[in-house]
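Annotated features, as they stand in TrEMBL:
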- A:C22: active site, nucleophile (ACT_SITE)
- A:22-241: domain 'Glutamine amidotransferase type-2' (DOMAIN)
- A:S304, A:D366, A:D367: Mg(2+) binding site (BINDING)
4 protein chains.
Amino acid sequence: MLGETDLNECFDPNADRLQEECGVFGVLGHEDASALTALGLHALQHRGQEAAGIVTYDNDQFRAERHLGLVGDHFSNAETMARLTGMAAIGHVRYSTSGETILRNVQPLFAELEGGGISICHNGHFTNAMTLRRQLIQDGAICQSTSDSEVVLQLLARSREKKIVDRFVEAISKMEGAYALVALTRKKLIGARDPFGIRPLVLGDLNGAPVLASETCALDIIGATFIREIENGEVIVCTPGGIESFFPFGKRPARPDIFEYIYFSRPDSILGGRSVYDVRKEFGRQLAREAPVEADVVVPVPDSGVPAALGYSQEAGIPFELGIIRNHYVGRTFIEPTQAIRTLGVKLKHSANRSQIEGKRVVLIDDSLVRGTTSVKIVQMIRDAGASEVHFRLSSPPIRYSDYYGIDTPVREKLLAAKYNLEEMRNYIGADTLAFLSVDGVYRAMGHEGRDKTNPQFTDHCFTGDYPTPLTDLSEEQEFAHPPRLVEVS
Amino acid sequence: MLGETDLNECFDPNADRLQEECGVFGVLGHEDASALTALGLHALQHRGQEAAGIVTYDNDQFRAERHLGLVGDHFSNAETMARLTGMAAIGHVRYSTSGETILRNVQPLFAELEGGGISICHNGHFTNAMTLRRQLIQDGAICQSTSDSEVVLQLLARSREKKIVDRFVEAISKMEGAYALVALTRKKLIGARDPFGIRPLVLGDLNGAPVLASETCALDIIGATFIREIENGEVIVCTPGGIESFFPFGKRPARPDIFEYIYFSRPDSILGGRSVYDVRKEFGRQLAREAPVEADVVVPVPDSGVPAALGYSQEAGIPFELGIIRNHYVGRTFIEPTQAIRTLGVKLKHSANRSQIEGKRVVLIDDSLVRGTTSVKIVQMIRDAGASEVHFRLSSPPIRYSDYYGIDTPVREKLLAAKYNLEEMRNYIGADTLAFLSVDGVYRAMGHEGRDKTNPQFTDHCFTGDYPTPLTDLSEEQEFAHPPRLVEVS
Amino acid sequence: MLGETDLNECFDPNADRLQEECGVFGVLGHEDASALTALGLHALQHRGQEAAGIVTYDNDQFRAERHLGLVGDHFSNAETMARLTGMAAIGHVRYSTSGETILRNVQPLFAELEGGGISICHNGHFTNAMTLRRQLIQDGAICQSTSDSEVVLQLLARSREKKIVDRFVEAISKMEGAYALVALTRKKLIGARDPFGIRPLVLGDLNGAPVLASETCALDIIGATFIREIENGEVIVCTPGGIESFFPFGKRPARPDIFEYIYFSRPDSILGGRSVYDVRKEFGRQLAREAPVEADVVVPVPDSGVPAALGYSQEAGIPFELGIIRNHYVGRTFIEPTQAIRTLGVKLKHSANRSQIEGKRVVLIDDSLVRGTTSVKIVQMIRDAGASEVHFRLSSPPIRYSDYYGIDTPVREKLLAAKYNLEEMRNYIGADTLAFLSVDGVYRAMGHEGRDKTNPQFTDHCFTGDYPTPLTDLSEEQEFAHPPRLVEVS
Amino acid sequence: MLGETDLNECFDPNADRLQEECGVFGVLGHEDASALTALGLHALQHRGQEAAGIVTYDNDQFRAERHLGLVGDHFSNAETMARLTGMAAIGHVRYSTSGETILRNVQPLFAELEGGGISICHNGHFTNAMTLRRQLIQDGAICQSTSDSEVVLQLLARSREKKIVDRFVEAISKMEGAYALVALTRKKLIGARDPFGIRPLVLGDLNGAPVLASETCALDIIGATFIREIENGEVIVCTPGGIESFFPFGKRPARPDIFEYIYFSRPDSILGGRSVYDVRKEFGRQLAREAPVEADVVVPVPDSGVPAALGYSQEAGIPFELGIIRNHYVGRTFIEPTQAIRTLGVKLKHSANRSQIEGKRVVLIDDSLVRGTTSVKIVQMIRDAGASEVHFRLSSPPIRYSDYYGIDTPVREKLLAAKYNLEEMRNYIGADTLAFLSVDGVYRAMGHEGRDKTNPQFTDHCFTGDYPTPLTDLSEEQEFAHPPRLVEVS
């Protein structure tokens with residue numbers, strides 16, 4: 001039975017999804033640096049839709065445009081681009097996971113340094129940022145934002161190292177957590193990835209100009225060649241003279257976030273040497289092997305469930321049909337409904353394609369199950385459209401633990417798989433059968449024998465509770481009273 | 001070879017599509033009339049994205065909100081809906097096919113009548129509107145808009161009939177062309193469809209409240225029951241006391257626009273008793289029969305080509321894959337490119353999913369070919385992604401004639417099929433083979449033996465040049481100098 | 001004692017003033033026509049602050065910009081002016097006295113005519129407009145606005161006369177009330193003043209280009225030479241070939257509105273051959289003669305009371321001082337006050353200049369008394385600042401009747417002088433003494449012996465109840481139910 | 001002869017004025033703290049029109065609203081005020097004299113401190129701020145704004161003192177220049193005035209709640225009682241328990257800025273125990289004694305010249321008339337003129353009141369002469385209106401030196417009195433005679449014998465070049481290259 005809050009979620013098209021985190025981009029030595037960055041951010045828009053920013057350096061000043069909204073809303077005309085002068089640029093798209101959604105938290109951030117300046121943007125989350133922030137404030141730092149990313153900038157500004165790269169390394173060496181960082185100084189474009197390589201970062205080349213981006217799809221849009229991924233724990237420094245690479249924390253096995261494959265990355269991106277689309281189809285194939293069912297049609301929850309549904313369909317030999325139509329005009333908010341409207345059970349984002357559903361046994365495929373509030377409505381919609389059976393299949397394991405590395409997950413108590421067992425979940429969702437891909441199934445679809453319990457190949461704490469780094473803020477934060485801060489009320 | 005203009009079109013995501021026309025909606029006798037109308041228009045958003053308007057009547061005043069932009073941009077909060085009081089409402093989404101895109105042209109339109117008032121909105125195009133408008137102005141009428149729809153309102157205001165329905169019928173009896181009209185008076189909700197039934201209009205019921213809408217998907221979103229289509233030439237008058245139907249022009253065979261099946265209607269809508277999705281799959285199956293090819297993968301141009309591609313894939317036994325990924329964050333304009341950016345051949349809307357393309361023989365499926373400027377780039381994109389062969393298949397016949405019934409088609413000289421033969425088109429597009437669905441194939445997919453040449457079952461002039469009505473304005477307009485009008489410059 | 005409503009008025013800087021009506025401007029045959037019109041409207045801004053509009057004709061199209069807000073808010077950059085192309089322009093500033101304040105009511109209005117077009121703007125009010133509007137609607141006219149000015153346009157469009165000037169004359173011959181009209185056709189700039197000349201209109205010349213304006217101050221700002229006033233009942237037609245004048249209703253003695261001298265016109269304008277500033281000083285001198293008092297200082301209510309106060313001071317030999325300081329940053333609304341703030345008696349617009357008030361006998365001069373709600377607060381403010389006596393003097397007679405010619409007066413019951421006698425008013429205002437300029441005193445200050453009762457030299461109904469024209473709508477409107485209209489709710 | 005730039009200034013109504021600097025306000029312990037602050041800032045609006053901000057503390061968080069524009073534009077509704085919760089508030093109006101006009105420079109500024117927080121706003125200018133800023137950046141500080149005021153905040157954050165008042169005193173003890181500071185912590189409202197008392201600051205009381213404000217007019221508007229001025233070099237700390245006062249830098253004679261009397265303060269404010277209006281009249285009287293002339297009328301340049309003109313008129317026995325009318329609807333920008341318009345010599349702000357000028361010998365009174373570009377046009381306007389003689393009188397001495405304490409003066413080379421002698425100025429201005437009030441005349445009008453050369457009673461460097469404090473940044477800034485900073489390009 002749905003409560004008031006859950007009913008309201010019918011009207012929030014993004015409710016009950018893991019929210020994407022952030023995307024970063026940088027380019028050095030191209031006369032269209034800002035336009036290329038806008039295009040790259042556009043390709044990374046799925047990683048963050050709340051705000052976008054670009055900072056350039058034009059050999060005189062750093063220049064910034066930072067806005068709430070989509071890339072195309074604010075970086076869409078020649079005039080804006082013309083103001084962002086310079087041959088070097090970095091940019092950021094953001095879905096706020098820490099820090100309020102206010103303009104001063106929009107990245108890239110900037111610090112004026114003695115005789116220089118540095119701008120930074122960040123995908124991920126530092127798990128000790130609030131602890132360090134308290135120490136910095138005790139030490140006289142003024143933090144203008146409430147973003148965890150500003151801590152890197154404060155540490156960098158206070159470093160006594162002479163060279164800016166040394167300052168950068170000193171700063172990130174104090175940070176725990178997951179990060180892909182891109183920074184711009186007067187002469188350098190810097191990229192860095194956390195020691196486990198949790199968040200992705202790739203290097204490309206556009207006619208000799210180095211490009212850094214969260215995903216390869218941002219290289220594709222500008223026609224840049226994909227060179228390689230930045231390695232876990234690597235710091236890469238691009239100058240007009242060439243590219244240098246450092247491993248300031250030594251080398252260790254990578255452990256990228258499995259959720260990039262399951263949900264976050266764009267299907268046409270190449271990650272860890274594999275097509276994300278192919279991996280998702282493999283999840284679907286593996287799911288078909290683990291949880292087969294006799295049925296008439298395989299229907300994806302669009303758009304995220306499509307590749308897995310195609311894989312399931314092909315493996316199971318059951319026809320794939322678009323049994324749910326997605327309305328692409330759904331904005332981020334739509335209509336605060338009256339009670340009368342609410343009881344109509346309006347679906348703004350999805351509608352059943354009755355001709356493909358009616359009288360059929362339906363295998364419904366989605367990529368993940370978070371709180372289940374949307375799933376319960378989609379299953380009901382399929383039933384209302386006349387399905388004789390609904391078999392709900394998820395192409396990832398049950399999500400039982402919250403994320404602290406830059407993914408916006410509900411608190412544990414809200415996670416359906418954290419409070420219910422399989423049968424309880426099936427009953428809640430209202431499906432005839434319910435099945436998840438197994439954890440080992442995920443690894444098998446990725447080409448492994450299964451999960452290496454001693455050295456897991458991926459960051460998979462949402463399924464396993466196995467967090468790769470300390471969670472300092474989480475343990476510390478109980479002890480500190482919430483300090484008064486500045487709230488921009490408009 | 002692409003000219004300057006064509007290159008610019010890379011950046012206009014809607015270039016080289018037939019533009020949707022308009023959508024209409026109305027409801028009578030429901031306390032959430034305006035919110036239901038907003039929801040219905042949201043479901044019809046694919047029919048027009050430039051402007052949206054709602055007019056209600058609250059037993060005291062007619063109340064209007066009309067805005068440029070999407071439904072969700074302006075009708076998304078309880079406060080706006082609360083201002084649109086009343087138990088009766090009509091609404092309109094618009095893609096301007098005649099009249100400039102300015103606020104005073106946004107529908108529904110309104111006229112204060114003696115002791116009453118009427119609001120009207122319109123999907124379609126009157127082919128004698130400008131001729132009548134000239135006569136009206138000679139006769140002292142003041143036309144505030146430049147929209148063809150205002151002519152109906154002027155004729156209605158000048159009618160000497162006593163009853164408003166008689167005035168309405170007198171007005172539309174003078175109009176030629178295609179129309180689905182929805183009108184609201186103090187006591188009545190009126191619907192009307194042109195004598196050929198070129199534009200669609202359906203009747204639904206929501207707990208006793210009659211609902212009119214361009215497509216059944218607008219009934220589905222509010223949970224209304226689909227009753228029947230308004231027939232060609234029918235005028236339907238809904239009052240709290242019941243529904244009356246008239247056929248003021250007599251009865252004749254319907255001849256609905258085939259393009260509603262090919263492209264305009266939403267796949268989950270039911271039109272002429274058939275699922276649009278099923279029809280599109282049948283177009284694909286028929287295409288596979290007419291133009292088979294040996295290949296490794298069937299790839300749709302998303303999203304419009306997907307159902308036909310599934311049909312082709314299923315008929316031909318070639319796997320269906322999402323070989324092209326669509327970026328859903330593309331707005332209506334994006335980045336005026338510098339020359340340097342332009343030469344990168346940036347694709348904002350589509351990107352190749354290389355893993356499904358590389359080294360493969362690709363059957364590329366789209367629903368229609370207009371000027372070909374986008375197709376040439378998509379074929380090139382598929383080749384760049386490593387396809388060994390590209391076989392381009394269109395699930396509709398060559399478009400050789402312009403539309404004058406509310407679809408925004410280029411002038412004939414811009415239509416690729418109007419100036420080139422098949423081989424020239426193949427060469428221009430750059431595909432290894434090119435094939436269109438035949439005209440008779442369209443009719444066969446619709447369940448007919450073929451096109452009935454004496455009494456064609458559909459309006460199909462874009463393929464055949466066979467226009468069902470006179471095109472009065474087209475022949476008259478040469479003779480009249482362009483009169484000075486008012487241009488709202490901001 | 002002040003009620004809740006009156007207290008709120010502390011916060012409305014324009015409460016308790018007669019509101020200005022409208023200003024019109026036109027120029028023909030100057031390459032900077034639109035910029036000159038913007039400047040002219042800026043000089044006439046005191047006549048209407050709610051909206052402004054300009055229409056030009058550029059030998060191809062009429063071009064319009066119409067906005068809510070001040071002239072300087074919307075007509076302040078070269079880009080806007082560049083869009084308003086053409087050598088002929090008319091413009092309007094508006095304070096709405098009839099018709100809601102919505103964009104479609106903003107003038108100039110426009111009608112496309114057969115082979116032509118006309119744009120009109122209007123200062124004044126037609127006292128039979130609503131009656132004619134009902135007849136027009138019965139006859140099939142569609143009125144887009146609710147403005148009385150549109151009626152002229154509808155009549156003009158329906159005229160069977162061939163020549164546009166004849167159509168114009170036919171239209172205005174049906175109108176009662178007060179008006180200064182300016183109209184623009186493809187070849188002509190037309191001006192017209194009502195038979196009594198109630199509203200002002202002057203003719204100027206700028207290097208051969210004729211200019212029409214409500215006041216001479218609009219000629220001064222652009223450096224145009226003042227030629228003469230348009231006479232009462234005159235229609236003037238300017239073409240590139242010269243200026244023609246008609247008196248279609250015959251000639252009769254003028255009877256201009258005395259309020260233009262008392263309050264509306266700018267002090268530096270010349271009206272009826274006299275400096276408005278001089279006339280106001282004369283009102284003050286006459287007031288000093290009629291209502292002398294022993295006092296230490298003459299203090300004007302700024303800014304409107306300043307000239308009369310100077311006249312009073314000079315006649316009475318009592319020093320003039322700025323005992324009240326006006327805050328010029330007061331916008332049209334400011335702070336919805338909490339009860340706590342309200343009880344502070346905050347004055348946003350005025351503050352007492354204590355050093356000029358404390359311990360002094362003050363003669364306080366204002367130009368008119370409407371409801372008295374502001375006066376009561378100003379007198380209290382003067383007392384709070386330490387005045388030993390407050391003698392309140394008004395440089396016009398008691399306002400006892402509402403206006404129906406374009407001035408926004410309260411209903412009679414709200415007029416202080418309509419419900420109270422002098423002593424009751426004095427008591428309400430809280431002054432030690434109170435005196436008004438006499439009606440005959442007004443006429444004497446204007447150079448007459450007194451008011452000519454049989455043929456009054458001025459329109460002065462607000463003081464005398466003597467309305468020069470029929471008030472058709474006023475008597476008719478009781479009989480007609482309010483018809484449903486369209487309310488633009490946003 | 002006027003150059004291109006000077007001609008453009010015809011269209012900038014604020015050109016050729018000394019620009020006001022800033023105004024500050026604070027209140028502690030009143031439930032309407034934010035509304036009172038908005039009202040206070042409204043009364044101080046003449047001190048800065050570019051931006052306004054308010055910060056409150058509500059015992060939980062500090063809350064901020066900061067906007068470009070007027071107080072009334074952004075703090076005018078109950079909803080905004082309701083968001084600014086709390087019983088304590090400070091606010092700021094700003095005319096930017098240092099730091100660009102961008103949002104992050106709008107005050108009050110805020111710093112989160114260990115277990116606390118402080119918000120600061122500032123009227124004046126620190127003459128060593130840029131030098132200290134360089135040192136702070138070398139030491140690892142990140143300065144978000146480019147405002148000189150942030151330096152105080154950075155010093156305060158870095159102080160090792162325990163108590164916030166001690167930190168505040170340590171910070172300001174490092175600052176040179178002119179300042180009136182108001183600060184808000186969780187428990188305290190703090191005010192401070194520079195050792196010379198150059199910028200003003202007063203203390204008031206509203207039913208027990210302490211109020212700090214730049215001028216007494218801000219106390220008057222809310223009905224607060226004026227208690228006393230903050231003394232030069234005083235730090236005042238208000239808590240709910242009472243008010244404490246410190247003189248951390250010892251006591252010395254005050255030397256307030258004479259320009260507050262001449263131009264900046266509102267005429268109804270009381271400053272140094274004297275009515276500003278009275279002082280200005282005295283300047284006029286003294287001017288009449290020093291520079292008498294035979295004439296028919298005394299005409300002020302409105303509004304700033306009015307009190308001095310009244311003084312001159314009364315002393316000289318020549319009638320005072322409003323010979324120039326000011327248009328109060330002039331915004332900050334108006335119409336980028338075409339060359340044709342420019343040559344018309346349009347005056348948007350002022351117009352001649354010809355009836356008071358024509359054929360008369362005019363004494364024209366203004367408060368100060370900066371570059372003279374406006375004066376030359378006003379004199380010409382008076383001549384064009386028919387004056388037989390124009391005698392230009394300034395109620396302050398020639399401005400020969402730039403200000404560095406918060407007043408926006410042109411560079412020295414632009415100051416007319418810095419490059420021309422009296423006769424050259426007269427010739428440039430085009431007056432028949434020209435005279436300034438003498439420096440000693442200023443002091444005499446203030447009640448002194450004359451200027452005390454060893455211990456001048458006022459800060460008067462603009463006339464004398466005698467700067468009371470070191471001008472560190474001025475001497476240092478040559479030596480440092482301009483560092484790259486962040487420019488917010490939108």
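Just so it is clear, glycine is given a Cβ too, placed from its N, Cα and C backbone atoms.
Confidence in the domain 'Glutamine amidotransferase type-2' (A:22-241), given as mean pLDDT, stands at 92. Highlighted in sequence order, A:Y263, A:P300, A:V301, A:G305, A:A308, A:I365, A:S368, A:L394, A:S395 have their Cβ within 8 Å of the centre of the Cβ atoms of A:S304, A:D366, A:D367, the residues recorded for Mg(2+), and are not part of that set. With the fewest other Cβ atoms inside 10 Å of its Cβ, the least crowded of the binding-site residues A:D366, A:D367 in this structure is A:D366.
When the alpha carbons of A:C22 (active site, nucleophile) and A:D366 (Mg(2+) binding site) are compared, the span between them is 23 angstrom. In terms of local Cβ density within 10 Å, A:C22 ranks first among the recorded positions A:C22, A:S304. According to its DSSP assignment, A:D367 (Mg(2+) binding site) is coil.
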